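Down below is the structure, laid out as structure tokens.
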Amino acid sequence: MIDKKKLKFEFYNLALVIGVIGILLVLFTPIPTWLLDFLLLTNFAAALLILLLALDTEKPLSFSTFPSLLLITTLFRLALNISSTRLILDHADAGKVIAAVGHYMVAGNLVVGFVVFFILVVVQYIVITNGAQRVAEVAARFTLDSLPGKQMSIDADLNMGLIDSEEAKRRRHQLEQESNFYGAMDGASKFVKGDAIAGVVIIVINIIGGLSIGIWQRGMGWSEALQHYSLLTIGDGIVTQIPSLIISVAAGIIITRAATDTRLGEALGNQFFAYPQTIMIVGLTLMIMLFLPGLPVIPILILLLILSAAVWYSIKYKKNSKESQLNTEDESVDDSNQESKKSNDLKPAAFELKISSNLEPYLLGESKSLYQRYNGLQKQLSLDLGIFLPKLSIVVDKKLQENHYQILIYSAVVARGSVNYLKVLAINSGNAAMDSIVGEETKEPTYGLPALWIEENQKQQAKALGFTIVDPETVIVTHLSENIKRYLSEFLTRAETEKLIQLHKDSMGTLLDELIPAVLTYSDIQRVLQLLLKEQISIKNIEKILEVLVDFGRVNKVPEELAEKVRERLGSIIYERYLDTEGTLQVMTIAPELESHMLAMVRVNNESMLPPQYIDKFLRSVVQETEKQLANNVQPVLLCSPALRRPLRAMISRAIPHVEVLSIAELGQFIQVSSAGIISVQDFHSMEATV
């Protein structure tokens, strides 16, 4: 079966070959006058077509064949010049087109004809061609100079995962086309310049040769020969120079359109009618000119009428543009809402609260105070921690038992609880007796403290007995708050990491160029930030964090070790939360011999710091000291060597998540530290003997 597409391309190639061969034949073979007339008109039509294509293309690369076409059309015009010169000198007749144009342009005065011709040449050679050539040179140079940077940008986008390999190939191919196009235009612009020079030379040759042949070979008088050959020469020059001028204009338009990606007419209209005040100023200037003596009134009035219409249209255009922009924004919002609804059916909510049916009227009633309280919490945490936190999605789950709720992160249940929305919760902080008041015994869902559900009228009695009173909504908000803090790192996705970094791009552009992707990728940075957020360390000072990553990321790309370096640089941000009212940091420390043993275990064989049978004893010792700290209203903080901080935190966080583990390297030079307890293992020496 014949491939129509392939057949079409073969036809195009064949037509081009025949056309080029035909031009070469015209160069060396005499042609009749009727064929010359046809070819001259074809030349004019082709030039006009090229100009219209240049005006209609959206970007220069859409007409990438223009440099080659410029060479072919220049060769075609030179072939026509040679053929017409041959006919003028041999037969004193170059066809009807040249004769008609000559009679029209000369109009009985040879001087007028010569002046018009030379004006066309000057306009083309000095104004248009020189300008287009200069623009082409600058565009070619800048395109070639920017080529390495653009290639690096494509490679960077590919390495960061912003584009796939196919898109990278497409961009590289487009970049190659662009550089080739502007390089070719730089050379092709010289064809047009040379064509203008050739036109002047040919007209001089035609006049001198025509006069010589007319006077000495054909026996014409001086005036008759001058009149006849000058008429034909001027007609020949103008017939070929007008298409040449048109193509020069097209070349200038193509080259100077590098800054726009829309059609020239559309771009001009949008920019011209966007500023009605400028048109008004021009109109006022013309009105002033009406009062100047000697100036024609009617042309000025016509111009004022045209400008008035332009002002009216410009104001209307601007108003319609604003309305269109608003409608587009509304449509985009509607579309995005519809898309988000569709995508939400497939994409799990980042942070979700599922409630039983009977809790719906209480939590999702008209006041919707739960949403308001969470939004306030979300805003405050985002400001404190420097991370975009997700919105809360509340879903009624009919399968849940009455009064129960679940907290989910990306559809995974991370916490459960129950509330009695008809009562209030009396929490025993340790100073009250549970049997001192009548109520339904339960446990506070966030911290697991003993509590009672009591009636509203028992609140004052419970407060007097030492209970802390909270309403059911506060119970849920507190539970949400603790879980969003506990799982902060889960909300820092790759997209959120990139968004967070790009938000500070203007203030640290050089730093980002140095870091990404030469030192670390977005994935590496995400992992480091997640490790910080796991311990609720603010990443608000993102610039300082990235500076640390630039300094240490060149030699060490392990996220866990980079996170430790960041912690050391952010020391004051970490420990200032745990200072007492006097500015002192009260810490628990590990017994020196025990800490030395743990350091040796970590440094030598990178194994567990303690044998399995002693881990439980160590944790019990930590719990005992922690309880003492809490009894004194002191946040429990364990201070250790830098090499132990990370493994210690991993071991302790499973059993005692509220204990903060700091390293000595994170403390400031002038910080006051007070020992609040020592962690030890009773039979530590026997443990050393067994190791």
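Placement of Cβ uses the backbone N, Cα and C atoms for every residue, glycine included.
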If I go by TrEMBL, the feature transmembrane segment sits on one of 69-89, 636-656. Which? 69-89
Which one of these stretches, 12-32, 101-127, 196-218, 272-291, has the most C-beta pairs shorter than 8 Å to the transmembrane segment (297-315)? 272-291
What parts of the chain pack near the transmembrane segment (12-32), using Cβ distances under 8 Å and only residues at least 6 beyond its ends? 39, 72, 75-76, 78-80, 82-83, 86-87, 90
For the transmembrane segment (238-260), the candidate among 38-57, 69-89, 101-127, 196-218, 272-291 having the most Cβ pairs under 8 Å is 38-57
For the transmembrane segment (196-218), the distant same-chain contacts (Cβ-Cβ under 8 Å, at least six residues beyond its ends) come to 78, 81, 85, 88-89, 92, 117-118, 121, 124-125, 129, 224-226, 228-230, 232-234, 236-237, 240-241, 244, 248
Who are the long-range neighbours of the transmembrane segment (272-291) in its own chain, taking Cβ under 8 Å and residues 6 or more past its ends? 297, 300-301, 303-304, 307-308, 310-311, 313-315, 317-318, 321
